[in-house]
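What follows is a set of notes on a single structure, which appears directly below.
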């Protein structure tokens with residue numbers, strides 16, 4: 001046992017991995033295993049994320065490329081607009097998802113298929129949180145070089161609102177990129193070695209490759225960090241880059257240019273995704289594409305109330321403040337250890353690191369406070385004005401910096417860097433304790449609702465105990481502080497952290513089952529659901545474009561199968577407002593129909609203005625098109641090619657393409673129950689034909705009589721470049737990782753010798 005402990009003590013990498021794995025295991029045993037045991041479904045947005053992840057991973061297994069089109073909703077919709085840039089589930093652009101899918105694809109070929117639902121759980125609740133924790137603990141170790149501090153901050157991060165909030169909204173996709181980039185940047189600035197430079201490039205490349213709308217939102221945070229670092233550490237940062245580039249490393253120059261080129265290409269890809277689809281989708285709860293400044297500021301009171309949540313260990317209080325809100329949306333608790341850590345600032349004094357972190361806290365507070373500055377930043381930052389709660393998300397970065405600030409003071413305190421005058425320390429601590437208590441009392445008593453909360457005394461008791469614990473640490477000898485901190489850590493994780501996390505998740509489960517499945521007519525995860533979720537996904541080409549995909553995920557919610565809560569296609573939203581029979585004619589029935597009669601409408605986007613939808617031709621089955629069927633060219637019209645009737649047969653089904661055999665009795669239209677998108681390319685007998693918008697939202701193509709083979713392929717720009725780009729990204733990430741590891745290993749060996 002002792003050799004093992006010595007190995008852990010001397011190996012920071014092993015320590016970080018074991019600590020992260022231990023926290024994952026603890027939370028799994030405390031709560032997350034209920035998902036794997038099929039006792040309950042994940043939280044509301046996490047269940048919704050299955051609508052993105054399921055088709056993406058299934059398509060990767062079938063064809064090696066993600067699903068750019070989702071066939072689950074009526075007529076389908078462009079999935080890649082959300083699966084690539086919206087993070088409620090692992091992103092389709094993530095190298096982790098791609099590598100994972102190739103492993104599962106190989107296992108499937110060997111006869112060991114893995115159910116997509118369990119793949120989602122493994123990535124969402126084990127692999128992604130583990131990687132996020134690894135990079136976070138590595139960042140803390142690099143900043144403070146104190147293992148007790150690292151354990152405390154990692155446990156606080158993982159069992160308080162920071163992780164619970166992410167579990168409900170973002171998965172851990174973005175935090176992996178954020179923590180990796182922060183860790184690699186700090187490592188290089190502290191020690192500008194060749195290995196750390198390669199690590200820095202790796203962090204930049206991963207962030208660029210997994211760019212999403214939360215990355216755009218985090219640009220404010222990154223901007224504040226860069227500005228503050230430039231003010232406080234300009235000479236150190238400039239010296240780090242000068243030290244490295246003076247070496248004139250040719251491999252380093254090549255890798256720098258390669259990383260820059262790949263990131264630039266990824267940004268071009270994401271720009272084309274937004275350009276191709278952003279104006280076709282609308283946030284239905286707002287009734288418009290973008291949020292106005294007044295709508296943004298409507299959330300300001302709720303945002304400001306989040307500050308009180310930083311020291312509130314009881315999630316139910318937020319429900320009383322706003323009974324209509326889900327408790328997870330208002331959780332901001334930072335844990336039992338953060339408040340004493342901040343109060344230690346009056347005992348150990350301030351240095352440059354603490355002043356820099358405090359400056360970031362002040363700047364992010366100004367952004368998070370729901371002021372006109374917040375609205376201005378949202379308005380001038382591309383794409384952020386499309387997301388109603390965007391200003392609420394910034395509190396995560398504020399919490400992160402507060403956690404690091406507390407960790408800085410705790411680390412210095414544990415090293416014995418305290419004030420010499422105990423009387424002065426006690427005096428300052430008394431002032432701060434009184435201030436905090438008065439603030440809490442004012443917050444509590446200012447709300448008539450909160451005065452009726454039976455557990456208010458518990459909140460006050462918690463505040464008093466936090467101060468008392470800090471005072472007690474003052475009177476401990478330096479050698480005994482480690483034992484005291486370990487004891488406090490066990491209490492925080494065992495009593496405070498796990499309790500708080502389970503409380504939030506249980507309340508979110510109740511919200512999910514009450515809201516998302518209220519129309520499903522069953523209690524979540526009955527035996528029939530468990531059986532389906534335990535199987536790998538199947539398709540049935542006989543079901544047309546939909547392919548029976550919806551049957552693979554019997555968890556109805558606001559995103560599956562209809563993506564109506566986040567962003568709905570404008571065309572489908574238009575026909576929902578028209579007569580019900582017209583909507584059913586466009587979305588229901590056979591997936592392919594043969595039509596000879598048409599009704600012309602130049603204003604096809606708003607036919608109610610120019611067309612009588614109750615006209616006899618439309619009731620007889622005619623379709624609404626922008627142009628009439630042209631006259632029959634005598635040189636290509638062959639009456640002998642006519643068949644007895646119309647029939648179709650699916651030759652090949654796929655998320656991104658189909659091949660059908662068609663028998664047309666006459667010249668007319670093939671009417672597809674497929675959402676119109678000009679990115680669909682259609683070929684009839686190998687010849688490209690124009691896709692026509694029909695019935696506002698569906699698609700059609702002109703067809704001659706006879707037997708034909710029809711190919712439909714969905715071709716957004718990203719599909720043309722995804723495969724070479726993702727493999728190139730993975731290869732460069734692997735090379736950078738090997739270079740960083742090998743250089744750092746050689747340096748450590750040379751130091752040891």
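Placed from the backbone N, Cα and C atoms, the Cβ positions cover glycine too.
Quick look at what TrEMBL annotates:
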TRANSMEM  12-30  transmembrane segment
TRANSMEM  117-141  transmembrane segment
TRANSMEM  148-166  transmembrane segment
TRANSMEM  196-214  transmembrane segment
TRANSMEM  220-242  transmembrane segment
TRANSMEM  254-273  transmembrane segment
TRANSMEM  333-350  transmembrane segment
TRANSMEM  357-381  transmembrane segment
TRANSMEM  426-447  transmembrane segment
TRANSMEM  459-476  transmembrane segment
TRANSMEM  483-501  transmembrane segment
TRANSMEM  725-743  transmembrane segment
Whether the transmembrane segment (148-166) meets the transmembrane segment (196-214): three or more C-beta pairs under 8 angstroms: no
Beyond the flanks of the transmembrane segment (725-743) by 6 or more, those residues with Cβ under 8 Å of it: 93, 95, 98-99, 193-196, 198-199, 201-202, 205-206, 209, 251, 255, 258-259, 262, 265-266, 269
Cβ contacts under 8 Å made by the transmembrane segment (220-242) with residues that lie 6+ beyond its boundaries: 188-189, 192, 352, 355-356, 359-360, 363-364, 367, 377, 381, 394, 397
